[in-house]
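K.L.:
Summarising the annotation, TrEMBL assigns signal peptide to 1-24. The transmembrane segment annotation in TrEMBL covers 121-142, 225-245, 257-278, 284-306, 699-722, 734-753, 773-790, 841-861, 882-900. Annotated region 'Disordered' per TrEMBL: 327-353, in sequence order. Positions annotated as domain 'Calx-beta' by TrEMBL: 398-495, 510-616.
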Amino acid sequence: AGIGAAFGVALLCCLVGDLPSVDGQRVGPNERPTDLSQVDYIVNETSTKVAGWAQLEWVDTDNVRHVGHWVDGKVLKPEEMEKGYCTGSKAFGSCCFNGEGSFILPIIAGEHRWNRGFRAFVYLMGLFWVFLGVSVLCDAFMNGIEAITSQTKMKKVPMYDRNGHKKVDASGKVIFTEVETEVWNPSVANLTLMALGSSTPEILLSVIETGGSGFYSGNLGPGTVVGSAAFNLLLITALCIQALPDGELRKIEKYNVFALTAVHSVIAYAWLCVIVQFSSMNIVQLWEAAVTLAFMPYLTLFVWAADRNWFKSHQIYPEAEEGYDEEGAEAAGAATRDGNVDKTGSTEGGIETGRSFDRAQAASVRQVNPSRAQRRREAMRFISAPQSVQVMQATRRQSAGGPDDHAEISFVSAKFQFMENVGDATIGIKRTGPVNFPVSISWQTVDGTAKAGEDYEEGSGKVEFEEGCHYKEIAVRILEDEEWNEDKDFTISLKMESSTDVIKLGLAKTTVTIIDIDHPGEFCFNESTFMFMSSDSKAILAIERRLGSAGVATVKFKTLDGGTAEAGKHYESVSQTVTFQPDQAAAFITIPLKPEGWAEVDAEHATTIRFFAELEDPTPAGGATLGKNSKVEVLVRMVDAAGEEDGEDESWGGQFRLALTVENPKEASAGELTMHYVTVVWKLLAAVIPPTSYYNGKLTFVVALGLIGLVTTFINDLASIFGCLVDLEDSVNAITLVALGTSLPDTFASMMAARSDTNADNSIGNVTGSNSVNVFLGIGLPWFVAAAYWEALKAPGNEAANAAWAKKILRSFPDKEYPGVASKIIEENPTGAFVVVGGSLAFNTLIFSILAIVCLLFLYVRRVFLGGELGGPKGIQLASSAFLMCLWVIYILISSLQVYHPEWFPDLSSAGGS
């Protein structure tokens, strides 16, 4: 996209036509050139929009330099063009008559004569609208990325016995089996393609700005990269911390990968500061840009190794793990069908060789933790409406479990609840699959909101399963107090005692909730919305009893019309009293559904119908209460006879129909309808992108990337012209308005992941990897190309280009604003170089690096003392969020003040190299 923009600039330059040569004649102090032969310098290489125009510079007989415009045979001064605003150094602003810094806009003749306030408002609204557009396109881009990264392949791997040795047949040859394995390592996919998908606007903005300007540096692209990193790490993390209910915690599961990317993200921005300010001040040399770009494959390899536990002290078998399917142990299933598995239970590779706990844990939670791409799609659905059937289908597939015929050890439930006076809480552990050999596992309690020594006695130990044993129990002592408390919880984790035991861990973590005995509790539904399919015969709703379960308590349940579903036609009305016995924490209500009622539903306009369910009149009165989700929405989505959702059409035509469809228009709110019509143009443009069924998403990836590049060019123009109109410097514009706009979908996606996932990996765990990619690709790639371009022009025969470069540097960095900078650069690099004046960029990256270290240390402290990076007691949540938000505000204030009042801050150039 950047190269295309550069060619476009060169092509449009031809519209100016043939200009007379310059002979150096001078005019008087109060005169102006009458023809182009009297000017000193013709700026025609950036004249991109209006034919017969050029920017001019001339020196009068008093040696005073002037700037003007050649328009239709006349020389006009800037104040005659822009009523005094576009004067001096602002004469070349992107909002001025044929100014610099934009590629496509403005496209309306005479626009520069509009009222500046009105014009600024138009460009601001346009910028917000294009932000929505690039988000919609990135949504389609993420679909392609997910299709690519979810591909699997069959791989031939050796089989291992229970002692970790390769199995051989009677002739001594190693026995192999074919297993299904993912083509992309999940951590590598998150760091590369997933991070690219979430950071595409920032990366392409930097690429287009550099390539389209003739390989000169700009402030908008690099500034957006740094500003977006600050927004992601500080503000999104702050919002995710307080997105959880009071007392809930989320922690990063793959902490080794997070720590690795966190360290490298700080190194990335510190390195950026070094190369522009200290290594070769104001010049980016080719080797510096090459090192920046090379960090990307280096970090990718490092993360891949860390994900495979290459840095653990014990022995592992990487080739064995390749065939292990985290979704359902299909590898073992395939081996069993082929008759290649030892009947004692050993599988290919010995599943527990070196990373049993981590991989089995990941397998057990993956069903409830959708990918980052899906979370981003849900965020875009939340922003732009309506819901896409593809997303609903994907969500349904994510929530569906599958059978597992592997031998495994698991907790019998993911959650246990006990009264605080229970004494010893007994937790069941089951063993399924082959049981004809003994196995040993260990267990350990981990603090949550319940603390060892205060609410329960810390426990750990071993559990021995003898041959033929299917079930064991462990006991944890619960400590009773005399005061009423909210529900508290802690977790218990399982780990294989020996890495040579050939058995899989299933549900390896369970949550134990301690319920205060002094309160009858509150009643609520466990979800705010329930989704079912029209082919389902019944809807099952769960009612929870929280904050106590003393004695017998009741609550009334009833269904309500009020939606598009009708009682008696689409579902049977239910009204009953639900009785909870002492210590009972949950109950289930069944609502019969009537699939035959869909015959009269207009499928063209309503693919989902809804009704409501409500709780009321809890008893005992004065004790039992209703919780937050006491009234919920029940959605029933249409499916066809084959069980597929109606409207599930992955064809190109289906995409266009979906783009134009408003789901349930009669029930859609005014805001939902407004957002649909505001974004419908972008949805139609996204529908042009080929579906992921073409070439496994690769065609989707390429076309979406091209369209995002085109739309990002408009972001560059709109942001640049708006900043020019309101006198907002590009470097400040980048870290505030542009960074906010490009990061908005990721904000909603992270908050959704924080609330819905069982860990913090999708919400904040990927932030540091995305920030690293922003530097290594978003800055490393365009800077490497630009540095190589100027390095090539140092060869003999490019004297004209070198002279044009020198004039450009003199004009871009006038002595009034950059004392002595331009002359020093030209003196030290007479044949040209890629110039990146440190200034605000170096200062911004330095401040961000310091604040990033503070933020990461703060998250580590929360992990150690609270048990998770996100959530916790509400008071601590709010305090933590306020602290991180203050860090972001400090970053914005200091960075902005440095731009407008550099004299208030230390001069970094005094420490820079030459």
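Even glycines carry a Cβ here, placed using N, Cα and C.
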K.L.:
Top stretch among 257-278, 284-306, 699-722, 841-861 for CB pairs under 8 A with the transmembrane segment (773-790)?
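P.N.:
By Cβ pairs under 8 Å, 284-306 leads among 257-278, 284-306, 699-722, 841-861.
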K.L.:
Quick one: find which recorded stretch in 121-142, 257-278, 284-306, 841-861, 882-900 has the most Cβ pairs under 8 Å with the transmembrane segment (699-722).
P.N.:
121-142
K.L.:
I'd like to know the mean pLDDT over the domain 'Calx-beta' (510-616).
P.N.:
83
K.L.:
Can you tell me which parts of the same chain pack against the transmembrane segment (284-306), counting only residues 6+ beyond its ends and a CB-CB cutoff under 8 A?
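P.N.:
Sequence-distant neighbours of the transmembrane segment (284-306): 185, 187-188, 191-192, 217, 256-257, 260-261, 264, 268, 271-272, 275-276, 769, 772-773, 775-777, 779-781, 783-784, 786-788, 791, 833-836.
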K.L.:
Please identify the stretch among 225-245, 257-278, 841-861, 882-900 with the greatest number of Cβ pairs below 8 Å relative to the transmembrane segment (734-753).
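P.N.:
Comparing 225-245, 257-278, 841-861, 882-900: 225-245 has the most Cβ pairs near the transmembrane segment (734-753).
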K.L.:
Under an 8 Å Cβ to Cβ limit, what residues of the same chain, 6 or more beyond the ends of the transmembrane segment (841-861), are close to it?
P.N.:
219, 222-223, 226-227, 229-230, 233-234, 237, 262, 265-266, 269-270, 272-273, 276-277, 731, 735, 764, 768, 869, 880, 883-884, 887, 890-891, 894-895, 898, 905, 908
K.L.:
By DSSP, what is the split of the domain 'Calx-beta' (510-616) into helix, strand and coil residues?
P.N.:
6 helix, 57 strand, 44 coil
